[in-house]
Amino acid sequence: LLLLLLLLLLLLLLLLLLWYAFIWTGTVSFSIDYNKNCFLKDGQTFQYISGSIHYSRIPRAYWKDRLLKMYMTGLNAIQVYVPWNFHESTQGVYNFTGDRDLVHFLDLANQTGLLVILRPGPYICAEWEMGGLPAWLLQKPNIILRSADTDYLQAVSNWLAVLLPKVKPWLYINGGNIITVQVENEYGSYFACDYNYMRYLRALFRFFLGENTVLFTIDGNTDKEMTCGSLEGLYATVDFGTDTNVTEAFERQRRFEPRGPLVNSEFYTGWLDHWGDSHAMVSTEKVIRMLAEMLMMGANVNMYMFEGGTNFGYWNGADHDRRYRSVVTSYDYDAPLSEAGDPTDKLLAIREVIKMVRDVPPGSMPPAIPKFAYGFVTLKKVGNISSVLSTISPTGPVKSQYPLAFEELKQYYGFVLYRTTLPRDLYEPTPLISPLNGVHDRAYVSVNGVYQGLLERDIVLVTNVTGKQGDTLDIFVENMGRVNFGSKINDYKGILSNLILGKDVLTDWNIYPLNIDEAIAGGWPHSESFKPKSPIKKEQLFGPTFYMGTLQPNGLTWDTFLKLHEWTKGQVWINGVNLGRYWPARGPQQTLYVPGSLISPTQTNNITVLELERAPTHLKVLFMDRPLLCYDHPININMKTKFGNDGP
């Protein structure tokens, strides 16, 4: 028996030696051939046809389904972002479990037969909150993000020292499926243009991933972006959509990379939506025509997005050009796979194009996950913010003479309540003014619990209030997502400058950080232990108020879509999971995607709604079997007439 064990051990050692020899002799390799202008995989010419998918926007239970559909379309690779703030929401606390299990996602892709183009940032854009950068970076008030600022570099170094060793075993040259790794993201679009920063990142990536890893950059299709975003030792690629001339775009790449493969790293199959936009769509005909042109010329193409998914919770980003514009909850993106992972006509057309250049897997496309219309659920009022304050802010208030930002409170997402008292009697409507546009992003104003109006960043800077001296003035502030692109990503939240009431500067604040998600995840308000501390007045349906209801089980765990008809704006939780924001009054999105994986087939399903402005008298919500993403509410038509397509 001992001899047999020794023989088995020797055989194992021999196999390991053969494996290492297999790797180090170059048989397993991925590189750039600058003579043949192509990628080489295991010494053979290789062209990738890839699609972007974000594990952070898809429930873990559906990762395998989405990856299989991408593989069956004919893709041989996927492109994946790693959002830093998704894994390190609190400084020094790392989460790679559950829906954040990056290694499991890479493993599933590998099992499916898909190579990976990894985009670990540290900045990713992606229409994701703060472009993936964690909000705790803003505790340093003068920090210059995405630069050689020492505080920023230290945080980046700490993060990459955790992340990159996790992904190194998954490099193709180490036996995994990661063929290329992006350094930073579209850096040429950022104002800093700091080559020392890019050199520092290049050194970090080389240190952790080795000299043989193909590192690359992606930038927009302009000389300025390519100039500031590219760096020697990082292969420069471009991104562009259907409104661009293919030949001219690749000629620009050639000016920065005279030799090597042609690469469109983000070929746009659709586009994102902001609240107040019309739903963005890109025609299938344009997509397949340009895709065919690029593939036939031997270019490597990644389709962005192939499936967008959903901005669950508070993870949506925002843009700020002429004004602040928050991204909607749905990241459907008019992509080949819908938000719910359903194959579309666009996907089937793309599959036919891919057949022109390579074999696609035989067999039919996996079907869509079933949908079900669970019907109406009637909610009941729980109470306004004041009545549940001890539950959602167990630590109590922070006292300050002047308002503090979310970041100063270490309350990075969601909501904060700012409370003070009226300094004098206000018998006539008196303007409450944010003179420096200091409300980021939307504030709901109440006096003694009675809703008075709102303030909104860049749009509504004045609202009128009435009351008596000593009355409680509550300003409930919503963070609607930090800017994810451009020079304004240092996007602080809360009340950032003094508010003026008539002729008085408001002072002496009690500021309540609100931990709503933790309370709801813990069973509130459905738990039997919860009892309202004051009588609930059903007729008061204005201002920030919680509502609750239950969806009874029917044995199914099918996907569904929640429509909040005549509700105004707010947040929804199902069984303690934050589905995201709804805002049918602004549109275009009218339904929220509810993955079937969140629904219990046997236990009562808890629904919690935080309505911020006005609830309907019927207090009903509807579970449908299809999404509504394109609806143009009359308010949108009026806004477009006044302000143009971008809204107010």
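Glycine too: its Cβ is placed from the backbone N, Cα and C atoms.
Database features (TrEMBL):
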type	residues	note
DOMAIN	39-356	domain 'Glycoside hydrolase 35 catalytic'
ACT_SITE	Glu186	active site, proton donor
ACT_SITE	Glu266	active site, nucleophile
DOMAIN	403-515	domain 'Beta-galactosidase 1-like first all-beta'
DOMAIN	544-602	domain 'Beta-galactosidase galactose-binding'
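The two recorded residues Glu186 (active site, proton donor) and the residue listed as 'active site, nucleophile' have their Cα atoms spaced 11 Å from each other.
According to DSSP, the domain 'Beta-galactosidase galactose-binding' (544-602) comprises 3 helix, 27 strand, 29 coil. Around Glu186 (active site, proton donor), a 10 Å sphere centred on its CB holds 22 further CB atoms from the protein chains shown. Counted with DSSP, the domain 'Beta-galactosidase 1-like first all-beta' (403-515) comes out as 4 helix, 57 strand, 52 coil. Here the domain 'Beta-galactosidase galactose-binding' (544-602) has a mean pLDDT of 97 out of 100. The Cβ of the residue listed as 'active site, nucleophile' has 23 other Cβ atoms within 10 Å, all protein chains considered.
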